[in-house]
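Participant: Sharing a structure here in structure tokens format.
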Amino acid sequence: MLSQTIKSGDWKGEKHVPVIEYEKEGDLVKVEVSVGKEIPHPNTPEHHIAWIQLWFHPEDGAFPILVGKVEFSNHTDPLTEPRAVFFFRTQKKGKLYALSYCNIHGLWENEVTLE
């Protein structure tokens with residue numbers, strides 16, 4: 001199963017774990033997802049974050065909904081940063097899930113509760 005290959009951890013001690021930060025004003029939700037907030041992640045052709053996905057699973061929902069995906073295509077000068085900002089609207093509570101993919105260390109996830 002794919003779920004058995006996804007790694008997680010504390011983003012303060014593991015540079016691959018995506019960090020999820022959000023602000024909510026009314027029904028507008030702004031979410032920033034970044035990799036390497038505390039410990040910078042390399043961004044070279046040999047070792048880089050290829051993409052980040054953000055998912056939202058409403059409390060009453062049967063399955064998560066893909067909010068968006070960002071691909072990072074350049075790993076030379078000028079360097080891209082593994083960081084993305086997403087906007088969506090909801091009045092529901094639920095879970096925000098972020099996935100990131102490192103070309104050497106695979107899939108990483110994190111989650112936060114959207115109040």
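Using the three backbone atoms N, Cα and C, a Cβ is placed for every residue, glycine included.
Here's the feature list from Swiss-Prot:
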- E14, H16, H41, H47, C102, H105: Fe cation binding site (BINDING)
Participant: Give me the long-range Cβ neighbours of H41 (Fe cation binding site): same chain, 6+ apart, Cβ under 8 Å, in sequence order.
Facilitator: K15, H16, V35, H48, I49, P82, C102
Participant: At a 10 A cut-off on CB-CB distances, which of the binding-site residues H16, H47, H105 has the highest count?
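Facilitator: The residue with the most neighbouring Cβ atoms within 10 Å is H16.
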Participant: By a 10 A CB contact count over all chains shown, which of the binding-site residues listed here is most packed: E14, C102?
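Facilitator: Comparing the binding-site residues E14, C102, the most crowded Cβ belongs to C102.
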Participant: Other than E14, H16, H41, H47, C102, H105, which residues of the same chain sit close to Fe cation? List them in sequence order, counting a residue when its Cβ is within 8 Å of the Cβ centroid of the site.
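Facilitator: Same chain, not in E14, H16, H41, H47, C102, H105, Cβ within 8 Å: K15, V35, G36, P42, I49, S100, I104, W108.
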